[in-house]
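*Asks:* Got a structure for you, written out below as structure tokens; questions coming shortly.
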Amino acid sequence: MMKIKEKIQWLLKEGSFRRNVATMFSGTVVSQVVYLLFYPVLTRLYTPSHFGQYAIFLTFLSILSLLATGQYEQGILLPKKEKNVKVLSLGAIFIAAVMSILLTAVLLLSRPVLQKYNLFNNSDIISFLGISVFINALYQIGIYLSLRKKDFKSISAINILNVAFSILFQAILSQTSLKEFGLSMGYMVGTLVSMGFLLYQNKRTFVIKNAFIELVGDARNQLVRFKKFPLFNLPATLVNLLANQAPQILLNTFGQSVVGYFSLSQRILGSPVTLFSTSLSHVFKEKASSDYRNKGNCEAIFVKTFKTLFMISIIPFLLVFIFSPFLVPIVFGSQWEMASPYIQALTLMFFFKFTVSPLSYVIIIAEKQKLNLVLQSLLLILIIISISIGLYRKDPLLAVILYSIVYSFIYALFLLISYKLSKNGKKDSSATR
């Protein structure tokens, strides 16, 4: 009979899918623990106004970073030839540099509008935002290069490094004249340090022996080759971002308390989903892309991952659905008791999200970005309709229930389509070039 220690060693053998997931998960957990431990320190060093400015900065950074990269970094996992990976990466960096400059110019010209809505009152922070967009783009490119190399240990360590340096410099800057933007600047110091390590570890990618003219031609060819990313995947990501923000905007009609209940429900259910699902997603992306390039399909890892996600999620989500009415007032206080029906309503959606979200990357691997845009647009339309029905009936809980059902339906569609694509690849498909 296999001893427990030997069984664990077998399950987590070097290079195995489980080992890679465990590596990514451990890094995510440690970074989150570090953040939670020191977050109370930051709340004593900075005011709510500072955190509000920080939230606005992060919102602009996330949206503008999507525009800057054109989502080209996701194409790094797809080419079979390393030469094409190199020129695609360099092309993506060039695009990010140009877009960062253009976006900064647009923001500076829009300064009167930004000031009117009390977003950014200082031209220096706008310029800093433009630089931050470029740094963040390089960071994302570095992450995907490391994923392609299966360097999960480095990614995991860099996640911890990122959080540690961010918190350290946020604390230091709180004692300087830069305190007003200390949270944003400290965050970007962490990203800059992490980006530096990532690019150093992938330095061979940027060693090009081609002549400059040939390099420009190759980069242009790869950018055209993966043009579906900016044309379809970028709009799809922006539509998904809007779909995720739409409920808070529409539910605000019922009052801020309803939005508060909804927000708490999302945090309770979303935190564990993000914690584990994101870790597994990185490993799945690499393995599925590799199988698709070399075997022509990724059905085996798709089915294996789906079974794993389903088995580890069904019981916890069922328990949350059953016991949330009893636990919510105990854990969060009696004033949050009304949040429990919202948690129950969203349980189905987050179960599907946990199970399906990592697997939906197959649509990107199969280069069906246009289909992704159609599905994301359908999701947004159905979300608006479902919540509007609740608004018409003056029933916020009905709106959330319909929202959950609609989201679950779209996730089910993603699952079926992704599975079909996982076994329909062709050995000589364009994804392997």
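Cβ coordinates are placed from backbone N, Cα and C, and glycine is handled just like the others.
What you are looking at is a predicted structure, and each value in this text was computed from that prediction instead of being measured.
This is the feature table in TrEMBL:
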TRANSMEM  21-39  transmembrane segment
TRANSMEM  51-69  transmembrane segment
TRANSMEM  90-113  transmembrane segment
TRANSMEM  125-145  transmembrane segment
TRANSMEM  157-175  transmembrane segment
TRANSMEM  181-200  transmembrane segment
TRANSMEM  309-330  transmembrane segment
TRANSMEM  342-366  transmembrane segment
TRANSMEM  373-392  transmembrane segment
TRANSMEM  398-417  transmembrane segment
*Asks:* Count, for each of 51-69, 90-113, 157-175, 373-392, 398-417, the Cβ pairs lying under 8 Å from the transmembrane segment (342-366), and report the range with the highest count.
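*Replies:* Between the candidates 51-69, 90-113, 157-175, 373-392, 398-417, the best contact partner of the transmembrane segment (342-366) is 398-417.
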*Asks:* Count, for each of 90-113, 157-175, 373-392, 398-417, the Cβ pairs lying under 8 Å from the transmembrane segment (181-200), and report the range with the highest count.
*Replies:* 157-175
*Asks:* In the same chain, which residue numbers or ranges, 6 or more beyond the ends of the transmembrane segment (398-417), come under 8 angstroms Cβ to Cβ?
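*Replies:* Distant contacts of the transmembrane segment (398-417): 247, 250-251, 254, 262, 306, 342, 345-349, 351-353, 355-357, 359-360, 363, 368, 371, 375, 378-379, 382-383, 385-387, 389-391.
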